[in-house]
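Enquirer: Okay, here's the structure, questions in a sec.
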Amino acid sequence: MVLGPYVANVVLVINTGKMERSLEATTMENTTSSCFLMERKALVKINRKEVMLAKLRKSCSCTPQKLKNFVMDFFPVLRWLPKYRCKEYIWGDIMSGLVIGIILVPQAIAYSLLAGLKPIYSLYTSFFANIIYFLMGTSRHVSVGIFSLISLMVGQVVDRELLLAGFDLNDDAPPALGDGSLQNDSFSNTTAFNLTIVGINAECGKECYAIGIATALTFVAGVYQVLMGIFRLGFVSMYLSESVLDGFATGASLTILTAQVKYLFGIKIPRSQGHGMLVITWINIFRNISQANLCDVITSAICIVVLVTAKELGDKYKHKLKFPLPTELVVIAVATLVSHYGKLNEVYGSSVSGAIPTGFIPPKVPEFNLMLRVAVDALPLAIVSFVFTVSLSEMFAKKYAYTIRANQEMFAVGFCNIIPSFFHSFATSAALAKTLVKTSTGCQTQVSGVISAMVVLLVLLFLAPLFYSLQKCVLACIIIVSLRGALRKFRDVPARYHVNKMDTLVWVVTMSASALVSTEIGLLVGIVFSMLCIIVRTQRPRTALLGQIQDTNFYEDDLEYKNLSTVPKVKIFRFEAPLYYANRNYFLKSLYRLTNLDPNLEAARRKKYEKKEKQHLKKGNHRTVNGLGIGETTLQLVPKQIDFQALVVDCSSISFLDTTGVNTLKEILKDYKNLNISVLLACCNPSVIDSLKRGGYFGRDFECMQEMLFYSIHNAVLFAKDQNDRQRGAVCNK
């Protein structure tokens with residue numbers, strides 16, 4: 001490859017890349033100047049079969065040291081806990097653990113509304129998730145447990161299956177089965193039949209069936225995550241861009257907000273299911289607004305004002321506060337006391353949380369038949385849970401200068417779902433808000449997670465019955481106020497639009513689909529739409545003709561920059577995308593439009609002109625149709641609009657070529673050659689050069705390669721100028 005046939009004093013910086021390739025620079029003398037010749041090293045042939053067998057033998061071998069390393073990698077706590085600096089870390093971990101535990105209790109009880117389950121199951125989830133992540137997680141700071149978005153996704157599946165089983169989704173409806181009474185024969189038969197086909201005992205009531213669905217869903221999601229870790233499929237998270245995740249979270253937040261409004265007003269309407277849940281729920285709310293419970297409305301207004309005010313003050317003075325104010329816990333404690341002594345449930349009919357048992361329910365294996373019903377729903381749940389956990393882990397690892405292992409995070413989150421599913425828990429994930437609180441209160445390691453689990457355990461064993469009289473509208477207020485961060489994303493839309501219009505469109509589409517259709521469909525729509533946007537960007541990329549920056553060897557877009565000089569008789573074309581089958585036509589159209597020349601049309605025009613000339617000559621007329629002599633015909637064949645004799649294609653932005661791309665370059669090479677216009681390629685990367693070689697672009701023996709391929713645009717331009725000068729000299733000599 002000729003790197004600079006007409007440039008002296010060149011500084012050559014070479015990135016060798018892979019070790020199997022090397023570089024050899026040779027200086028050769030030309031009649032005009034020095035020439036730098038780069039030769040590619042021959043590829044070292046690798047026996048892939050032997051490499052795979054060697055890796056397999058190494059992975060299958062079992063030695064005491066390897067077994068020890070495997071156990072310590074699988075349980076990272078065994079590595080860092082013996083090195084724990086007690087005096088330095090313990091007080092920060094205790095403080096952050098206590099604060100997170102205090103926050104977890106009200107959030108766990110509140111998020112049970114989202115999951116459609118009893119509060120006790122949320123407390124179980126918070127307890128087991130913290131213990132398991134302490135043992136298996138590699139992040140020192142993330143807080144793993146219940147997360148509003150994950151709870152919503154679980155709740156949607158639970159509601160759907162309850163509806164299919166014939167249960168009433170109204171929270172205050174009496175149980176259809178399990179209390180010894182049946183409302184009517186037809187309803188009981190339907191319910192019993194639906195329960196029988198999924199393998200659940202007909203005596204199992206609504207609560208039992210709901211947690212059965214949730215644990216089966218959680219178990220399958222955990223299995224998916226572990227399998228993804230085994231097969232190293234963490235790359236799946238790369239398809240969830242920041243715009244997709246933000247749009248998904250914002251759309252889901254609107255759905256969460258909508259689902260809680262009925263509790264704010266004390267309206268007893270069934271949960272909407274299926275696509276368009278947000279719209280249907282709002283229609284039902286406005287239809288039943290006259291049934292609003294005044295007690296719940298007043299309580300909701302007071303709680304929201306108190307919570308929002310406390311949050312705003314906390315944000316304003318967070319640098320002066322040593323730890324966040326436990327506003328949620330204070331609100332719950334006061335509201336519970338007022339509800340209990342004011343008898344708000346008995347006197348005003350306000351909906352309350354009800355009995356929360358103490359202790360642990362005996363473990364139970366999730367139902368296999370239910371797993372089959374929710375297997376598809378578990379996949380987006382597994383992906384979202386993993387992506388949020390890994391992204392937060394990487395964010396805080398970078399901030400505090402340590403590393404995490406994404407694959408181990410996959411295992412940790414997977415087992416945070418698999419093991420707790422046997423103990424009546426549902427899916428978990430890392431949560432940004434709690435993680436921020438954790439770091440701001442001095443967290444150093446996951447010992448703080450154990451402290452938080454102990455706080456939850458204290459509630460589980462002794463304090464849970466005290467929340468019997470807690471109004472559901474108070475829990476709804478806590479959930480809605482916690483959505484402030486996600487809903488504030490709407491304020492960022494103008495700034496987002498200013499930075500990148502395409503990413504803003506992805507955010508809007510994902511948010512709209514998540515809110516108006518469903519969360520799972522919204523996530524799928526966001527992924528597909530973002531990938532389509534990438535395809536569109538490569539299908540219709542930027543193209544430009546380049547001009548020379550004065551007194552330099554550099555070239556830029558003449559539409560974007562001023563004071564660029566055009567190169568006489570040379571057109572320089574830049575295509576800012578890979579050249580492949582989807583953008584082939586756009587490449588050709590852009591090239592023909594910018595150079596103001598379609599070689600096919602010009603060739604056809606010339607053939608037509610030559611045909612007419614031959615017809616005149618056969619008739620004995622030695623004058624052409626334009627009144628010119630035969631000797632002047634050749635000059636007439638070169639049209640005036642062709643103002644260049646060389647085309648330089650800047651390939652610096654072409655990352656790869658497929659077969660169609662190679663054939664396209666061969667096509668323009670042939671078409672322009674018929675018009676006596678040379679095509680020169682500049683700034684090609686090695687993969688593009690290999691594709692061109694395999695496609696026969698340089699001929700069989702690559703004999704013309706040094707006259708077709710150049711290291712820089714300037715080298716190609718100098719070569720084209722010299723070529724033009726030689727042609728003019730040859731014409732003059734004749």
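Glycine residues also receive a Cβ, built from the backbone N, Cα and C atoms like all the rest.
Straight from TrEMBL, here's the annotation block:
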- 560-720: domain 'STAS' (DOMAIN)
- 89-113: transmembrane segment (TRANSMEM)
- 142-158: transmembrane segment (TRANSMEM)
- 209-231: transmembrane segment (TRANSMEM)
- 243-265: transmembrane segment (TRANSMEM)
- 285-309: transmembrane segment (TRANSMEM)
- 370-390: transmembrane segment (TRANSMEM)
- 411-433: transmembrane segment (TRANSMEM)
- 453-483: transmembrane segment (TRANSMEM)
- 504-532: transmembrane segment (TRANSMEM)
Enquirer: Using a Cβ cut-off under 8 Å, which residues of the same chain at least 6 positions beyond either end of the transmembrane segment (142-158) come close to it?
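Expert: For the transmembrane segment (142-158), the nonlocal Cβ contacts are 100, 104, 107-108, 111-112, 114-117, 122, 125-126, 129-130, 133, 210, 213-214, 217-218, 248-249, 252-253, 255-256, 259, 273, 277, 374, 377, 380-381, 384-385, 388-389, 392-393, 396, 412-413, 416, 426-431, 434-435, 437-438, 449, 452, 479, 482-483, 518-520.
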Enquirer: Sort out for me which stretch, of 89-113, 209-231, 243-265, 453-483, has the most Cβ pairs below 8 angstroms to the transmembrane segment (370-390).
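Expert: Looking at each of 89-113, 209-231, 243-265, 453-483 in turn, the most contacts to the transmembrane segment (370-390) are made by 209-231.
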Enquirer: Test the contact criterion for the transmembrane segment (504-532) and the transmembrane segment (243-265): 3 or more CB pairs under 8 Å, pairs 6 or more apart in sequence, then answer yes or no.
Expert: yes
Enquirer: I'm a bit unsure how to read this: which one of 89-113, 243-265, 411-433, 453-483 has the highest number of Cβ pairs shorter than 8 Å with the transmembrane segment (285-309)?
Expert: 453-483
Enquirer: Taking pairs 6 or more apart in sequence, does the count of Cβ pairs under 8 Å between the transmembrane segment (89-113) and the transmembrane segment (453-483) hit 3 or more?
Expert: yes
Enquirer: May I ask whether the transmembrane segment (209-231) has at least three C-beta pairs under 8 Å with the transmembrane segment (243-265), counting pairs 6 or more apart in sequence?
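Expert: No, the stretches stay apart by this measure.
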Enquirer: Tell me, what is the mean pLDDT of the domain 'STAS' (560-720)?
Expert: 85
